[in-house]
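Below you'll find the structure, written out as structure tokens, and then a few comments.
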């Protein structure tokens, strides 16, 4: 035993290294080091021709308070929030009904939700250019009804439609798995005790599915905030979102430190929301 | 279902919202008219124009090289990682690290890699996109394989060890074959994600070697061209086939279990 012990310890370490070594080695070099690099850029001065000069400064953070950029941040948060709310309003009833379908139709309904998600993101965005164009099907329909055509493309509404289209499945899936897991007996108990369906929903179903709601909200809100393609293609560049600003700092303005600060802000929002989600999951777990 | 009558409205609205744009694109791709907004009769002209488009062909080849390479790398690294996480550690930190690339916004990964490549003075090209796609591909493979490992019976591995097999033999002869469906599913996922990925590729590709999504982006920016409708229809057909085949496969493996 005393002889085998070191060999076993060695064998365990070898197993660990052989399985996780390559993967975590790769992630360290190509994910952690790059992230640390971006993080470090936030406190340095920009180089005149891009890149970074290693002189410490706090001005990248103070620039965030510049009304010009504050407007961008507030505007993006607003559009991402509207998108998330709409996704929730459409997604919750959909997920709820899917969970109540017979097993066979459940699979069909779920695959149908995911299917558009598996098509190219740019093509999905392009579809909305076609739909919302001033001569597109929506406006032709309005004209056929004798109504005046409206400008749909290159508006905030078009951006929200595009974001909603891109991320709605990411709302429905976690909602579905949250609603599906609910014990039907809880709802029956609530009904038997005389609660009306609305009351049962607000005090039983919704609180217990809250972790799924929050997961869905994170999955829709965060990528909406960081998206730069949809505001460009559907907003016509009139509305600049945080994603556009980050892209421009890295590829056009060549102000990497400020771009890094903006990226850090997006990560901070993500971390905050993930903590809220974990908190809700713990609470719901205790209640069930 | 009858009790939830009013819920049907948002339910059908969701599906209408998800499929109306797709139907419009597919119908328009068979439209003879140059203007995509009026019907000029059925035609396959745009598919012909598309086939003659050299930049789309180059983009497609580049995308396939990146997707195949990063899928191969992701599958090996991700599978090993999943086994290690499930069998050799209880660290929640490592667990979180393995899912980080799937949670982080693509833009953050993109700028990180751009900064890193520039710091180590790596010339951009297909290899830099391939590495970048492996970062998230690996995370998805690891997640899918771990789900499979969770439901796996460990007694087979124990039996193999008790009968004197080395850890490597046990891994190759027992663990891997049991995990095979999970590995295939993870690889398919990594492949599809890489095929479609735009943001990270946009930051890490060389301008002279664009992937297909980058080519599509530059076409779409110049407005509506009927060729894109044809391309969209073809890509839709491919993705729909892959998803439905994958769905059938998983149902088959579940039935066999």
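Just so you know, glycine gets a Cβ as well, placed from its N, Cα and C.
All annotation found in TrEMBL is predicted automatically rather than curated by experts.
Among the features that TrEMBL reports, transmembrane segment is placed at A:21-44 (among others).
TrEMBL lists A:72-95 (among others) with the feature transmembrane segment. Sequence-distant contacts of the transmembrane segment (A:72-95), counting only residues of its own chain at least 6 positions beyond either end whose CB sits under 8 Å from a CB of the stretch, comprise 64, 113, 156, 159-160, 163-164, 167-168, 171-173, 175-176, 178-179, 213, 216-217, 220-221, 224-225, 239-243, 245, 265.
Annotation source TrEMBL lists domain 'ABC transmembrane type-1' at A:73-279.
Long-range Cβ contacts of the transmembrane segment (A:107-132) within its own chain (Cβ-Cβ under 8 Å, at least 6 residues beyond either end) map to 94, 98, 101, 138, 152-153, 158, 161-162, 165-166, 169-170, 172-173, 176, 229-230, 233-234. Residues or ranges marked as transmembrane segment in TrEMBL: A:107-132 (among others).
As annotated by TrEMBL, transmembrane segment applies to A:152-179 (among others).
Here TrEMBL flags A:200-222 (among others) as transmembrane segment. Long-range contacts of the transmembrane segment (A:200-222) within the same chain: residues 80-81, 83-84, 87-88, 91-92, 163, 167-168, 170-179, 182, 186-187, 190-191, 266, 269-270, 273-274, 276-277, 280-281, 283-284, 287-288, each at least 6 residues beyond the stretch ends and with a Cβ under 8 Å from a Cβ of the stretch.
What TrEMBL lists as transmembrane segment is A:256-276 (among others).
Long-range contacts of the transmembrane segment (A:256-276) within the same chain, counting only residues at least 6 positions beyond its ends with a Cβ under 8 Å from a Cβ of the stretch, are 38-39, 41-47, 50-52, 57, 60-61, 63-64, 73, 214, 217-218, 221-222, 225-226, 242, 245-246, 248-250. Packing against the transmembrane segment (A:21-44) from elsewhere in the chain are residues 52-58, 60-61, 256-257, 259-261, 263-264: each is 6 or more residues past its ends and has a CB under 8 Å from a CB in it.
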